[in-house]
Every structure is written in structure tokens, then in C-alpha cells.
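Chemist: Input: one structure, supplied below.
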Amino acid sequence: MSKRVLTTESGAPVADNQNSASAGVGGPLLLQDQHLLEKLARFNRERIPERVVHARGSGAYGHFEVTDDVTGFTHADFLNRVGKRTEVFLRFSTVADSLGGADAVRDPRGFAVKFYTEEGNYDLVGNNTPVFFIKDPIKFPDFIHSQKRDPFTGRQEPDNVWDFWAHSPEATHQVTWLMGDRGIPASYRHMNGYGSHTYQWTNAEGEAFFVKYHFKTNQGIRSLSSEQAAELVGRDPNSHQTDLLQAIERGIHPSWTLYVQLMPAAEAADYRFNPFDLTKVWSHRDYPLQRVGRLVLDRNPDNVFAEVEQAAFAPNNFVPGIGPSPDKMLQGRLFAYADAHRYRLGVNHTLLAVNAPKATTAQNYGRDGLMAVNSQGRYAKNYEPNSYDGPVETGRPLSAPLAVTGHTGTHEAPLHTKDDPFVQAGDLYRLMSEEERQRLVANIAGGLSQVSRDDVIEKNLAHFHAADPEYGRRVEEAVRALRED
Ligand code: HEM
């Protein structure tokens, strides 16, 4: 069989891919060697800005299948029939480290799902934790700065990590979660995913419900201790990538069962916790899990850069029947992601194969910009209204309106009757077995004892005391013991 010919980027045959063209056998190189120039120049441009958070990740394709009728709660097309299947792409990630970082680290994991529905792409951009560290987006850049590399030392600094938490009592719940056993998943397959925020579903009658998403792993939860993780990071820094890639290549297709908690919209105002506070969960006794469907991953991307690095998820990619809640963090995220994509990938990032709708087509009056490859046809007008049969608005809002009251201003999130920053951190601690508590305390003390300032340590200890007196006492004793060593 004759081999295919190597070509330049414009398709001309390449004569020699081993030797550059030179002036004579031993002479300097020639500027006319198009193939050499093109190779070196392209190589210089292979990197794009990495994600400012969640830089390191792995992705896979699969499908979501509805197993239970939820049409009483949402008219979302992809959820409208038991048995209905929708193609998905899922990207898992760590948060704090840069692109070359290791996988088996103590960090939340991203769990971002793109549903390619017939009514457009729906992005559910969640984590493996049901809560988050903060509840106002204005704190997000400061939070992330405190967790990533220090601008002077170029390292993650326990002083910065814990100083931010010292000033953010609302983080105590998520810190307890992160320092506990689930803080280092054994692999992406062995962890749950959560939408974390409260979203809104609207049914065909226009009735609104608030909803929280829970993807429960069917592989079982498996975690690593700090010691196991340190060993694994040394052996295979890409352990999560290796695991996901190899499982799918071998035909072992990981799956998750999707459940939701649903709250009738009218109950939100009087629930004992502010249901739009991302640092809190809803009690499962109050709002039990209801099964919706099954998500399966069965195909690896062919090209990590094109399909994983260039994947763009945005929490404001909603479809009819699903919308935002007044959760302030979510509201901030509705801006942040598409803005990041325009910077990182350009204004036409939605034309890339992984980001474009698959079960429908985008048809609108947006045109042009860097790397525009979709003209929408010779006769498609680029203005609206028009007399040329161009696409028109539906007049149907995607979701129900949210009621608002009061005055504009910089307000703290409203507190409901049982809201304080520590109550649910204490609940989580009390749910743990004695062995889990021991590991939690050791993990916290291992980090907190490295902090150089006593006042920062004291502020953090006060948070654990407020969550549960035993929790506080044990962390305090463990920190003291390590600092006296
Ligand atoms: C106000 C708070 C937040 C802001 C401003 C924010 C901002 C960002 C930005 C700018 C990116 C990079 C996007 C890109 O370049 O593709 C990102 C990635 C991500 N964020 Fe957030 N984020 C916030 C909170 C959260 C929360 C609460 C969650 C989970 C519940 C979350 C989950 C993720 C995930 C999973 C990714 C990676 C998506 C992917 O795989 O491409 N973020 N975030």
C-alpha cells in the first residue's frame, strides 16, 4: 500500500522532514524552507492560556438516559420522556493547580457536563462537593489567589490558604468536607458530582421549583488517604487521567445516577436555611432525592487539546424549562465563564466541534470575529427583523420569573432562622465515624500547623470550636502538638 504524502499546512508535498534546507552542506539555513518555518512557528503557538482555575482535567463523551418521569417539574425537552437519550461530554478537573499539576491532590474536583439537547446545549458546571467555600462571587478572585501560587514565593502558601479561611467563617463547612476522606478521590470514576447551586425548573404549566442536582457514582465512592495520595503522585502524576482513559478504552464504562432535590418555589422564603446559600445543603429529610436518569461515559476524545483543552462550559447555557436561582454565586458565574472563553478561545469558541450544538443548529445574527467559519449561508441576513425568512424569537421565556423586593445596594445574603456559618460544618463532623474524625483532624492540623502567625491559627480554631466543641478541641490539640515538635 502506498503511503500518504506528508504536506505543508497549505497542502503542498514535503520533500524532506529530517533535514533543513541549507546553503551548501555545512552552511547556514535558508529562509525559503517553508516547511521548517511553518513547523517552528506553529510549535511556538501550540499553547493557549490555561483555565484560570480547573486548568488540569480529563474529558469523555457518553449519554444521559431518562429513567424516571420528571415532567411534572420541568418541561426541559431532554427530560420529557422515560428512555430518552441525549449525548453528553463531561470534563473532570482539579481546581487549584496549573495545567501540569498532579491529579491525586487534596482539592475539590470539577464535574462539568454538557448535554447536547435538541433545544441547545445545557451546561451543568458542578463539582464533586455539594457546597462551596464562599457565597458571594465578589470574593472569588481573592479566594483563588489565596489558594494558588503566592506572587513572591511562587508556591502555594499555607499562610495564604488559612488566612483567607480565617476571614471567611462561611468556608468552615467546605473546609471540613475537603479535609475529610472525600477530599482526595481515588479516581474521577469513584466520586459523586453535584450541581452544588440551586437552580430553577419550570413545568409546562409555568409552575416553578428550585432544584439541586446529585450525580451518584455507580462505581462506589473510593478515596485516598493523604499518605496514599502522596505515594501515587510520585508514581503517576496523571493517575486520574490514566484511570479514566484506560477504563473507557477497555470497555469499562463509568456511570452515575442522577437524582434531584426539588423544592416548590413558594417554600423557599421560609425554609430554615437560605436555599440560595452555596455554603449550605438542603436536608434530605426535608427534600428527598428523586431519581431522574443515568449518565454513562463510553468514548474517549480523539484529541485532548481540541476536545478537552478547548471545551467551554458556561453555567448560563440553559435550555427551556431550566433557569437560574437568585444564588449570588451562580449569578456571578453567569458572567464569568463565557467571558473566560472569549479571552481563552475567542468569540467563535461555540463553533468548535466539542462546544457546538449536536442535536440542533445555532441560527442567529451573530457573525464574523476571529476564526469565523460558519457563514450560515449565502442568503442568511445578519440583521433582524428582516423580510427574508430569518430565524425569529419564540416569545416564550426559558424559565419562570424570579420575584424580587427591596432596594439596590451591596447586601449580605439574607439569613434564615437556622443560618449561621458553622451549623452544617458541625453536622458533617458529627456524621463522621471516629476513624474519619481522626483523619480529618490530622489533615487540618497538618496544614494549619504550618501557618506562621498565631492570630491566623486562632481565628481558624475558633471556627472549628464554633462548629462543634469536640471538633475544635481536637484540632487545637493536634495543632499544638505539631507546633511543639
Ligand atoms: C463566583 C464564583 C466562581 C467564578 C467567578 C468561577 C469562575 C471560573 C472560571 C473563570 C473558570 C475557567 C473557565 C474556562 O476558562 O473555561 C472556571 C472553571 C470551572 N469552574 Fe468555576 N467559578 C466559580 C465558582 C465555581 C463553583 C461554585 C463551581 C462548582 C459548583 C465551579 C466549577 C467550575 C468547573 C467544574 C470549572 C471547569 C469547567 C471545565 O471543565 O472547563 N466554579 N470557573
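Numbering starts at 1 and runs along the chain as it is shown here.
Cβ coordinates are placed from backbone N, Cα and C, and glycine is handled just like the others.
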Chemist: Which residue range, 1-24, 49-72, 433-456, is the one TrEMBL calls region 'Disordered'?
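Modeler: So the range that TrEMBL calls region 'Disordered' is 1-24.
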Chemist: Quick one: mean pLDDT on the domain 'Catalase core' (7-392)?
Modeler: 97
Chemist: Between ASN127 (active site) and TYR337 (heme binding site), what is the CA-CA distance rounded to a whole number of Å?
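Modeler: Rounded to the nearest whole number, the Cα-Cα distance is 15 Å.
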Chemist: To the nearest whole angstrom, what is the C-alpha distance linking HIS54 (active site) and TYR337 (heme binding site)?
Modeler: 12
Chemist: With DSSP as the yardstick, break the compositional bias 'Polar residues' (1-22) down into helix, strand and coil residue counts.
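Modeler: Split into helix, strand and coil, the compositional bias 'Polar residues' (1-22) gives 0 helix, 3 strand, 19 coil.
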Chemist: Check TYR337 (heme binding site) against DSSP and tell me helix, strand or coil, would you?
Modeler: helix
Chemist: Where does ASN127 (active site) sit by DSSP, helix, strand or coil?
Modeler: strand
Chemist: Helix, strand or coil at HIS54 (active site), per DSSP?
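Modeler: For HIS54 (active site) - judged by DSSP and reduced to three states - the answer is coil.
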